[in-house]
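S.K.: Take this structure first; my questions come after.
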Amino acid sequence: MGFLKLIEIENFKSYKGRQIIGPFQRFTAIIGPNGSGKSNLMDAISFVLGEKTSNLRVKTLRDLIHGAPVGKPAANRAFVSMVYSEEGAEDRTFARVIVGGSSEYKINNKVVQLHEYSEELEKLGILIKARNFLVFQGAVESIAMKNPKERTALFEEISRSGELAQEYDKRKKEMVKAEEDTQFNYHRKKNIAAERKEAKQEKEEADRYQRLKDEVVRAQVQLQLFKLYHNEVEIEKLNKELASKNKEIEKDKKRMDKVEDELKEKKKELGKMMREQQQIEKEIKEKDSELNQKRPQYIKAKENTSHKIKKLEAAKKSLQNAQKHYKKRKGDMDELEKEMLSVEKARQEFEERMEEESQSQGRDLTLEENQVKKYHRLKEEASKRAATLAQELEKFNRDQKADQDRLDLEERKKVETEAKIKQKLREIEENQKRIEKLEEYITTSKQSLEEQKKLEGELTEEVEMAKRRIDEINKELNQVMEQLGDARIDRQESSRQQRKAEIMESIKRLYPGSVYGRLIDLCQPTQKKYQIAVTKVLGKNMDAIIVDSEKTGRDCIQYIKEQRGEPETFLPLDYLEVKPTDEKLRELKGAKLVIDVIRYEPPHIKKALQYACGNALVCDNVEDARRIAFGGHQRHKTVALDGTLFQKSGVISGGASDLKAKARRWDEKAVDKLKEKKERLTEELKEQMKAKRKEAELRQVQSQAHGLQMRLKYSQSDLEQTKTRHLALNLQEKSKLESELANFGPRINDIKRIIQSREREMKDLKEKMNQVEDEVFEEFCREIGVRNIREFEEEKVKRQNEIAKKRLEFENQKTRLGIQLDFEKNQLKEDQDKVHMWEQTVKKDENEIEKLKKEEQRHMKIIDETMAQLQDLKNQHLAKKSEVNDKNHEMEEIRKKLGGANKEMTHLQKEVTAIETKLEQKRSDRHNLLQACKMQDIKLPLSKGTMDDISQEEGSSQGEDSVSGSQRTSNIYAREALIEIDYGDLCEDLKDAQAEEEIKQEMNTLQQKLNEQQSVLQRIAAPNMKAMEKLESVRDKFQETSDEFEAARKRAKKAKQAFEQIKKERFDRFNACFESVATNIDEIYKALSRNSSAQAFLGPENPEEPYLDGINYNCVAPGKRFRPMDNLSGGEKTVAALALLFAIHSYKPAPFFVLDEIDAALDNTNIGKVANYIKEQSTCNFQAIVISLKEEFYTKAESLIGVYPEQGDCVISKVLTFDLTKYPDANPNPNEQ
């Protein structure tokens, strides 16, 4: 058996440079401190044996180069080589080199591909993917903690059955799908076989059904031929009768044309008059509109004049105020000028007096030259003696001058403050006057605004009321027009009704209180639903005229005859015989007395209503009406809500469409009232439109009110600003100035007290200085004849100072007065400009008022003229309206003539209409019969035309105007009239039937026979008429499905075979490994435990396919009962995991086994057991290379490889090799040393 002999490393991880490690013995231990690089040596062995980079604790291959992790790679390449030795064979070298970012593989220094490299290693029993040659650090604990599923994955990896998992899953899916397809096609084939059987039965039923259907068709043709034959006979008869009546109508038409021509002429004249009347109405409307436009202009002109007058009054007041200010300012300025003249005069008088005093003083103090020198010398000497005093006096003088300047400044400020206070007082006065003026203007504006608002409110109310009323009138007019439109009274009928209404009014006037009116006008059904029923019961009595007596009725009939009116029915209340109402009928359920569902007025016409209604009952439906009429022992007259009437005699009459039209007359009797309402509303609408036209005037007033409101707002804002800003600010500044003025007095007095006090001190100093001067100048004073030297100096200097001071006072007064005078002049000019401005404003406003008054008068004149023209037009309109009424009366007389002719024409037209209606009905019946034959696919025998010539009526589109519905129907009838039917198949007995009852009896017989045949046909469930086609289709489908089923069955068989093949291969791989491990594990566990009572066994959860489920692993520790793996102690678990690990390794064992710290979790006892086991196995089964930190373990090895670190930029690992075979068990316990 071969073994790993040497490892050569160059710049790999912590191993810098080239290092040769080895030789490795059968049991070699790698030892060294933590962090020295022991695991890196294991990584080197893994690397050279082809392990992936990700399992070497780095991200990229470059990181394996020494120094690369700290950014200082020792070289750009690294490599690891392994020398493998076998007995009787040459050593082989396997090397893996890092070049750039990839690996290069070499065998005996020859570069090979990775797959060749892997194959060579596999030949030696080294499986790269299964990693059967190494155990990483922590792998033992990981194996101990694995669950059954994870153990299965481990076995899949070791046995390489996992490589077949993807192909296994794929083939299993294909097999399942193929089996599903086979099952689907089997069921489909079974279903189609059932369909084939069902189709055969359907075909037999269809043949029988077709025979019965042919018999029904023959009976239908016979019935339809019978109906059509007698229909055509009736149409021919009606056509002859219609032609005769049309000739009579032509004669009456010619007679009516003459009367109508006369009526047309009158209409033209009436039309002309009405157009003239409309023109006058148009002119009235235009003048009215013009007047409505002019009135706002007049109001605006009047408002402008009023506004300008108010403005003028305000300007005059402003002018008066400005003139008052100007006079006051002029007086103040005159006073200042007088004061200026007074000061100038005083100054001149002072100058003159000084001149006189100068001349009057004759004394001359002029010195000689030697005396002057002496004076200066003595003066210098005196100055030296009094130098100290002079310095003190100079200091006092400086202080005194500073205080005097302060005093002058305060007095000047005081004067300026007094002037400012006067100015503020004037401004305050102006502010107060402006406030008074603004308050007066605001009061006036508010009054004007109230007036405008009042006027606006009145106009708004009037216009809004007019708008609302116009909307209401328009709504009412629309309702009236809709109701009038719904009445659908044609022109002739309207004229007839108008004629009858006029006669009715005439006889009411002739016999007041005796003629009550028509029955329809005096009563009304309580609910709309009873209208048709009440109409049916009242019948012809609806239009009967109710009178109080028979005599009144006869007189009325005579009057109608004289007026050539239509015949009328009269119901005299004293002549009618009425049976009393049967009170028992009121107790019947589902019925009411007709008289109880009618309201009537006046009460005494009840007799006439009882006569018309009798004891008739109204019911909700036809069934109730029939039941009550004929169902009891006594018959009653009843009527349903739809108008179906059941007479006691047994006669039943239906609610025809003309009855509904007649029932609408309950609503039509309000037409006259609606017309009157329409006229009244139209007139009111015109009046309201006039009021609505005042909107322009309202907008004008609103605009003026808005302008006035804005001016008022600005004035109020100005007033508020003047009060709160200008006046308040001036008062505040005045108060501040007065406060400052009050402070000037104390400050000036304080300065004056300081100056007076200092003057006293200066006086004392001067006296001391004077004593020194007197001593020095004593002899000199005697020489010049003065008491002391000061008398000489003061005479000359004092006078000059006094004069200068006095002149300064005069100048100050003139300057102050000049400043005030300049200010007053400027203010006076401003006041004069204001006076001039207000004078111009007053003059301009007066001129504008004159113009505005003229404009106001001009608008007033236009309004008066327009109103006069409007009144003239209204008079013309009344005259023209009278002419139109007269012309209407003339036309009414002609209409009466036309009415007589129209009556005869109407009678004939009614007869023609009746014939045409019957004829139209017969044509419609023929059309319906033909259409029914076409729709029911009844093939009639035709001698001319085809069934395609029979038309089906379709509704015309909304936009179709070319052909009306009736015209289209006529075209259809005409086209169908060309169809000739061959009645040869119709029995002669059926053709000979003439009487209506006979025809009806024969038709019922034919219909009954047809019904019996159809009943038999209907009882047979409609078969599938396409049964033959279905049968052929099902046969084809059955053959197709059988083919598909056979193909699916073959595919399923093939897929199952393919799956079984891959399943077997996967099972064989897995089972070979599992059986090997399961067989060896118990023996290995006993050897590791050093006890034959220890047991270990593996069991698959799924014996048939163990790789699909988990693998259970259980151990019984020596001297203990069976417990699950989870309940074993840490050491026991580790020993069990090692047993599994060594058992797995025993399956296709690698020649060497590299283990990284497998003793980490073992106690000393178990360490010894494991070490001894490994030592035993290494002698015969495999070479063991173990990384360990425990002496109890590595002392059992044959050689030691020691790894120690050296410090540099990163850790550098160095290696020492120590052969222990030279010291066999010399020191079994090194700790004793």
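Each Cβ is built from the backbone N, Cα and C atoms, and glycine gets one as well.
What Swiss-Prot records for this protein is below:
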BINDING   G32, P33, N34, G35, S36, G37, K38, S39  ATP binding site
COILED    104-124  coiled coil
COILED    163-503  coiled coil
COILED    660-935  coiled coil
COILED    991-1068  coiled coil
COMPBIAS  284-293  compositional bias 'Basic and acidic residues'
COMPBIAS  953-967  compositional bias 'Low complexity'
DOMAIN    515-629  domain 'SMC hinge'
MOD_RES   S358  phosphoserine
MOD_RES   S360  phosphoserine
MOD_RES   S957  phosphoserine
MOD_RES   S962  phosphoserine
MOD_RES   S966  phosphoserine
MOD_RES   S970  phosphoserine
REGION    284-308  region 'Disordered'
REGION    348-369  region 'Disordered'
REGION    947-968  region 'Disordered'
S.K.: Are any of G32, P33, N34, S36, G37, S39 (the binding-site residues) within 10 Å of S970 (phosphoserine) when you go C-alpha to C-alpha, and if so which?
M.R.: none
S.K.: I'd like the Cβ neighbour count for S970 (phosphoserine), meaning other Cβ atoms within 10 Å of its Cβ, all protein chains included.
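M.R.: Excluding its own Cβ, the number within 10 Å is 14.
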S.K.: For G37 (ATP binding site), what is the tally of other C-beta atoms lying within 10 angstroms of its C-beta?
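M.R.: Within a 10 Å radius of the Cβ of G37 (ATP binding site) lie 24 other Cβ atoms.
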S.K.: Cβ atoms within 10 Å, counted per site: which of G32, P33, G35 has the most, among these binding-site residues?
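M.R.: Most Cβ neighbours within 10 Å: G32.
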S.K.: With every protein chain in view, what's the tally of Cβ atoms within 10 Å of the Cβ of N34 (ATP binding site), excluding that atom itself?
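M.R.: So the number of other Cβ atoms within 10 Å of N34 (ATP binding site) is 8.
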S.K.: Which value does the mean pLDDT take for the coiled coil (163-503) in this predicted structure?
M.R.: 79
S.K.: Sorted by position, what residues of the same chain at least six away from K38 (ATP binding site) have a C-beta under 8 A from it?
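M.R.: Looking at Cβ-Cβ distances below 8 Å from K38 (ATP binding site), excluding near sequence neighbours, one finds I30, I31, G32, D1156, I1187, V1203.
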S.K.: I need to check the long-range neighbours of the coiled coil (104-124): which residues 6 or more away from its ends have a CB within less than 8 Å of a CB in the stretch?
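M.R.: Residues packing against the coiled coil (104-124) from afar: 2, 49-50, 81, 84, 92-98, 1150-1151.
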S.K.: Quick check: with G32, P33, N34, G35, S36, G37, K38, S39 left out, which same-chain residues have Cβ atoms within 8 Å of the centroid of the ATP site Cβ atoms?
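M.R.: Near the ATP site, beyond G32, P33, N34, G35, S36, G37, K38, S39, sit V1203, P1205, S1213.
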S.K.: Through the lens of DSSP with three states only, how would you label K38 (ATP binding site)?
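M.R.: K38 (ATP binding site) sits in a helix per DSSP.
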S.K.: Relative to the Cβ position of S36 (ATP binding site), how many further Cβ atoms are located within 10 Å?
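M.R.: Summing over all protein chains shown, S36 (ATP binding site) has 22 other Cβ atoms within 10 Å.
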S.K.: DSSP secondary structure for S970 (phosphoserine), reduced to helix/strand/coil, please.
M.R.: helix
S.K.: Using DSSP reduced to three states, classify P33 (ATP binding site) as helix, strand or coil.
M.R.: coil
S.K.: Would you count the other C-beta atoms found within 10 angstroms of the C-beta of S39 (ATP binding site) for me?
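M.R.: Other Cβ atoms within 10 Å of S39 (ATP binding site): 22.
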S.K.: Under DSSP, the domain 'SMC hinge' (515-629) has how many residues in helix, strand and coil?
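M.R.: So the domain 'SMC hinge' (515-629) is made up of 61 helix, 22 strand, 32 coil.
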S.K.: Do you know the DSSP helix, strand and coil residue counts for the compositional bias 'Basic and acidic residues' (284-293)?
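M.R.: Taking the compositional bias 'Basic and acidic residues' (284-293) as a whole: 10 helix, 0 strand, 0 coil.
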